[in-house]
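Chemist: The structure follows.
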Amino acid sequence: MAPSGSRSIKKGCQRVLYWIPVLFIALIVAWSYYAYVLQLCIESIDDTGEKVVYLLVYHVIFIMFVWAYWQTIFTKPMNPLKEFHLSYSDKELLEREDRGESQQEILRRIAKDLPIYTRTNSGAIRFCDRCQLLKPDRCHHCSVCDKCILKMDHHCPWVNNCVGFSNYKYFMLFLAYSLLYCLFITATDLRFFIKFWTNGLPDTQAKFHILFLFFSASMFSVSLASLFTYHCWLVCKNRSTLEAVRSPVFRHGTDKNGFSLGVSKNFRQVFGDEVKYWPIPVFSSLGDGCSFPTCLVNLDPEQPVSPTGSNPANKSAAEVRQFPSKPLRDSQSRLLTSTPSWTESDSAADKDKKGASNPGMTIENEA
């Protein structure tokens with residue numbers, strides 16, 4: 001009982017420590033609200049019209065920023081569906097096998113009925129020993145959450161949550177609105193910041209809040225701008241942070257652009273089809289997080305040679321197909337409705353032919 005009790009105490013302490021970065025951000029935001037609304041707008045601005053405009057715009061940005069941050073923190077990451085978990089009989093069968101190749105045969109048999117098209121660097125089926133499941137494409141195990149997370153991007157300490165399929169849109173909006181928040185404060189505080197150094201402000205406590213507000217907002221703007229720009233690039237390329245570090249592996253090999261469908265479709269995978277929902281922190285991403293469409297050939301200028309060595313001119317730049325998703329549940333993805341998708345009626349021989357000629361339709365896995 002002692003070891004079990006000590007482990008629970010350790011986990012409890014860790015959970016408290018994980019909330020420290022979030023508490024730090026919350027305190028900074030609370031102070032910035034006090035400094036901007038009370039000390040800057042109410043105490044330092046004399047013009048009523050200017051004061052109203054500043055407060056109105058500020059509160060709109062502030063509400064959207066807090067809303068997106070809240071959604072990023074408290075939206076639970078999605079885990080693989082039960083179809084990806086091993087059954088009790090499969091677990092027993094896997095445990096009885098000692099050789100790695102025999103275990104891989106069992107995993108390949110299970111994976112053939114699932115929409116899994118990525119593998120490890122060694123070509124093995126991606127399997128999580130901890131969760132006892134076959135990993136869906138773009139799914140990774142988070143050591144902090146101790147769970148497999150669908151389309152995992154990274155575990156962010158500033159939100160104390162895994163950023164993945166369920167909350168990546170919220171994370172992007174959080175970065176966008178926090179950057180806008182800091183830029184707005186910096187721009188409207190600049191005039192009073194200059195007055196501080198020219199002794200144009202009254203000698204009150206407001207002048208020190210104005211000074212530190214400008215410094216903190218401008219410094220956060222620089223770091224947020226770089227992070228937001230990087231994630232915008234990832235969205236346009238349809239990559240996660242993990243995939244940018246280590247490219248996904250398909251049957252034909254590594255392909256960093258294997259999931260890229262073009263900037264427009266890549267963007268809509270994260271933000272959805274309806275423009276009215278793009279700036280709002282509500283879920284509108286396309287798909288189910290377990291299966292993803294992919295390009296047939298690599299059309300990115302960073303990789304001029306197609307994996308098969310075939311002539312890219314023979315295939316249209318818009319020629320994209322969706323992998324044959326098994327009916328785990330109806331996919332929300334409507335990205336590829338304009339192009340034909342595979343059906344269950346395709347013969348096994350036909351699939352083998354397509355697999356040999358289409359390098360994009362491959363299976364990857366990762367340890």
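Placement of Cβ uses the backbone N, Cα and C atoms for every residue, glycine included.
TrEMBL labels come from automatic prediction, so no person has curated them.
Here's the feature list from TrEMBL:
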- 305-314: compositional bias 'Polar residues' (COMPBIAS)
- 333-346: compositional bias 'Polar residues' (COMPBIAS)
- 125-246: domain 'Palmitoyltransferase DHHC' (DOMAIN)
- 303-367: region 'Disordered' (REGION)
- 16-36: transmembrane segment (TRANSMEM)
- 52-70: transmembrane segment (TRANSMEM)
- 170-188: transmembrane segment (TRANSMEM)
- 208-230: transmembrane segment (TRANSMEM)
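Looking at the shown structure, can you explain where the listed features end up?
Modeler: When DSSP labels each residue, the domain 'Palmitoyltransferase DHHC' (125-246) comes out as 67 helix, 17 strand, 38 coil, counted as helix, strand and coil in that order.
Residues 58, 62, 65-66, 69, 73, 144, 157-160, 185, 189, 209-210, 212-213, 216-217 of the same chain lie 6+ residues outside the transmembrane segment (16-36) yet bring a C-beta within less than 8 angstroms of a C-beta in it.
Remote same-chain residues near the transmembrane segment (208-230) are listed as 28, 32, 34-36, 39-40, 44, 172, 175-176, 178-179, 182-183, 185-186, 189-190, 192-193, 196, 201 (criterion: CB distance under 8 Å, separation of at least six residues from the stretch ends).
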